[in-house]
Amino acid sequence: MRRALLWLATAVAAAGVVLWWATGPQPLEEDDLSGLQPGDAARSERIFVAGGCASCHARPDADGEAALELAGGRALKTAFGTFVAPNISPHPEDGIGDWSELDFANAMLRGISPEGEHYYPAFPYTSYARMEPQDVADLFAYLRTLPPVEGRPEGHSLSFPFTLRRGIGLWKLLYLDPEPVVALGEDALPEVLRGRYLVEGPGHCGECHTPRDWLGGPDLDRWLAGGPAPEGNGTVPNITPSSEGIGSWSEGDIAYFLESGFTPDFDSVGGAMVAVQKNMAHLPAEDREAIAAYLKVVEEVE
Amino acid sequence: MKKIAISFSFLLFSAAAVTAADDPIAVRQALMQANAASAGAASAMLKGEMDYNPVVAKAAIATFHSTAEAMGDFFPEGSNVGETRAAPAIWENPDAFRETLAKFRTDAAAAVEASGRDGPADLEAFRLAVMPVLSNCSACHENFRLEDD
C-alpha cells in the first residue's frame, strides 16, 4: 500500500513537472529577429491603424490627437472577468518606453511580457502571432514616436482560476498557432493573400467574429461565423459568404461598408464595430479591397 | 427623379401615419427606414452610381432634418421592451443620448441651410453638406443600439 502511494505521489509530481515545463513561456530569441530592417515608423502607421491598437489602448472615448496617447484604461468585460488595457505609450516606467524590440516582438508574437509572464489572450496575440516580424518591428518604431503618458490604469479583475497566469501556457498549447487559418493554394491572388494577412493577423477580425469554445479559444470550424459578443451585449454577425452571413454582399459592398459604415441596405455600422470601421476607413482603398476579396473566399458557415 | 422625391414624402407620410397607432417603437423604426432610404440615395450619388441631382439631394437632406427633429420624441420610458434593438443605455444615460441626438439635429439643420432653395449646387457641395449628417448614424448606433442581427 505504502509503495502504491509512493508511486502515485511520484507520478503526480512527474505530471506536475511536465505540466510546469509545458506551460512555461517560450520566448523568441535574439536570432529570430536577425535579418530584419530597422523598424520604419512611417511605414507602420498603416499597421497601427489596421491593428486598431488605439481602440483599446487609448483612453476610452479619446478622439483625434488624444487617441495617440496610449494611456490604456479601456475595460473589457468578459465571462472570465474584466480585463483592462495597459499603458503602451513610450513612458519609461508606466508604458513600454524601456522595452527592447525583442520584448515587443515577444509580446506581439508569443504573448509574453518582458518579465517572462504569459499575457491573457484578451490582448489578441493569437492573431498578432500571424504578423510578419518586420511589421512588428515597424510598429514598435512607430509606437516609440507617440507621446509618453504617465500613469497606469488599474489591473485586471478576474475570478479564480483565471488568476493563475501559468494556466495560459496550457491554453497557448491549444490555441496559439501562427499558421494561417484559411489555407490558400499557390495560385491565390496577391490581393486575397493580403486580405488574409490583414484579417487573420493585425486586423484580428476573428477575435470577435469567430465564436469561442468553453475555454475561450476560437472555434476554427466556425471561423468568422459570428456568435455572442465577447462583452455579452448582443451578437457579432457572421461575415462568411453564406446565406446567414454576407454571401449576398459583393466585394464592392464589403469595401464600401468598411469605408463608409453603410451596409448594402443602408443600415449603419454600430456597437464595437464603429471604432473598427473608422480605422478601416483610414486604410488605403487597396487594403479594404483585399479584405473584401478574402472574405469572399473563406468557407461558408451557416 | 420626381418619383424619388415623391417616394421620400411617402416615407415621411408613413412615419406620420404610425404615430396615430401610438406605438413609439414602430414610429422610430419608420423614421430609421426613412433615414436609410435617404442614406441610400445620398450614397448612390456620392459613389457615382446615380447622376447628381439637386432635387434628390435636397429631399435626402430634408428627410434627415425631419427625422432628426422627430426622433427624440419616440423613446419614452418603457419603450425598451418589445421588438426593438434600442439599447438600455438610452434610458440609463439619457444625457448622453440627448447630446448625441442634438448633434444629429444641428448637423441636419446646417445641411438644410447649405442646400438652399434649389438643393446643393453640385456633388461636391452636397458631399460637404451631407457627410457630417451621415456620420451621426454610426455615432448614435455605437452606444445606443444593440448589436443583434
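Indices start at 1 and increase along the chain as displayed.
Heads up, the Cβ atoms here are built off N, Cα and C, so glycines get one too.
Predicted automatically and left uncurated, TrEMBL annotations should be read as such.
Under the heading heme c binding site, TrEMBL lists B:Cys137, B:Cys140, B:His141. Over all protein chains present, the Cβ of B:Cys137 (heme c binding site) has 25 other Cβ atoms lying within 10 Å.
The annotation signal peptide is assigned in TrEMBL to B:1-20.
A simple way to gauge crowding: the CB of B:His141 (heme c binding site) has 23 other CB atoms within 10 angstroms, across all the protein chains here.
Taking Cβ-Cβ distances under 8 Å and a sequence gap of 6 or more within the same chain, the neighbours of B:Cys140 (heme c binding site) are B:Thr100, B:Leu101, B:Phe104.
DSSP gives B:Cys140 (heme c binding site) a helix state.
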